[in-house]
Amino acid sequence: MLQWLAEFHASFPAFNVFRYITFRTGGAVVTALLFVFLFGPGMISTLRLKQGKGQPIRTDGPQSHLLTKKGTPTMGGLMILSGIVVATLLWANLSNPYVWVVLGVTLGFGLIGFYDDYLKVTKQTHNGLSGKARLAIEAVIAGVAVVIVMSVGKPGLSTSVAFPFFKDLLLNLGMFFAIFGMFVIVAAGNAVNLTDGLDGLAIVPVMIAAGSFGFIAYLAGNVVFADYLQIHYVAGVGELAVICGALMGAGLGFLWFNAPPAQVFMGDTGSLALGGLLGTVAVATKHEIVLAVIGGLFVLEAVSVIVQVVSFKLTGKRVFKMAPIHHHFEQLGWTEPQVVIRFWIVAVVLALAGLATLKLR
């Protein structure tokens, strides 16, 4: 919204800064951070009052969780999403279609997660919205988003998959790209959702991934930098750096309240939405495969659940003591802070590896 002030730079030279994505990204970070800081306590109090017993805790998990996490309110993702929306509307170029596509997926997935959390809290059970129904709605939202991205992007490129390390290798999937893109977004949303099981575990890797993809979006949306790095130029996609900045700011604000012992959980409201946001940015910037590297921690968590379920159904035996894998390490004797901080370190290393693919080609 504030970008229009740049039109008056002739009369007010200082307004010229609103043209720059870097400046507006910084503004989005600060705005989202302050918003969550200021309104977070009130939102947490409201959630605690409305929810009563808070998020139901798994009885088959680590016994310490029954003592340390009981009564903690969920749906804290509302804080994050509010910060993202306010900062994006204030600092992003609202005429950019990519901005609305990413916001649409984020809020759509957030609504799914909110309803899921609502069912769990009101019924005090882990059985919220059925898995099939949830995946079906997610697929519809993601499918619409991908079709829009395909329609506004450059013909040929918008339906192709780019591969890291190979500057000229593109696999044009044609209309089948809609299925691939839909899978990326839905998988990202659910992978982040599975990661959100310990205080602070999901939000920091999400911020790391958002920072990485904000950087990628800025480079891919700049014809000079894209040409220098020999990555595919996508006109207009640089504006997504502002949304990624908003996520980072809102995430930092949320972490203040989510640091152990957490005052609030983001719930499916936040985890599904943030994962969907990252997946959509990856599709728009043509870095879907790089998302699997930068977000490798989320992939690991999701794969651990798949392996556990498949193994148990086929052999009756479990590969891990408990899935997702962060609970496996808890069962091995790692303390919650050890698991969380070590997983953060893994997320940083994977992000650096993913960013290295921009140059190693």
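All residue numbers here begin at 1 and follow the chain in the order shown.
Cβ coordinates are placed from backbone N, Cα and C, and glycine is handled just like the others.
As recorded in Swiss-Prot, the features of this protein are as follows:
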TRANSMEM  27-47  transmembrane segment
TRANSMEM  72-92  transmembrane segment
TRANSMEM  94-114  transmembrane segment
TRANSMEM  135-155  transmembrane segment
TRANSMEM  169-189  transmembrane segment
TRANSMEM  200-220  transmembrane segment
TRANSMEM  237-257  transmembrane segment
TRANSMEM  264-284  transmembrane segment
TRANSMEM  289-309  transmembrane segment
TRANSMEM  338-358  transmembrane segment
Are the transmembrane segment (135-155) and the transmembrane segment (264-284) close, by which I mean at least 3 Cβ pairs under 8 Å that are 6+ residues apart in sequence?
yes
The transmembrane segment (338-358) touching the transmembrane segment (169-189) per 3+ Cβ pairs under 8 Å rule:
no
State the non-local partners of the transmembrane segment (200-220) in its own chain: residues 6+ outside its ends, Cβ under 8 Å from one of its Cβ atoms.
21-22, 25, 192, 226, 229, 231-234, 237-241, 243-245, 247-248, 251-252, 254-255, 258-260, 262, 266, 270-271, 274-275, 277-278, 281-282, 284-287, 290-291, 294-295, 297-298, 326, 339-340, 343-344, 347-348, 351, 354-355, 358
Grab the same-chain neighbours of the transmembrane segment (289-309) for me: Cβ-Cβ under 8 Å, and only residues 6 or more beyond its ends, written as numbers and ranges.
161-164, 184, 187-188, 190-192, 194-195, 205, 208-209, 212-213, 216, 275, 278-279, 282, 318-320, 323-326, 328, 343, 346-347, 350-351, 353-355, 357
When only pairs 6 or more apart in sequence are counted, do the transmembrane segment (27-47) and the transmembrane segment (237-257) reach 3 or more Cβ pairs under 8 Å?
yes
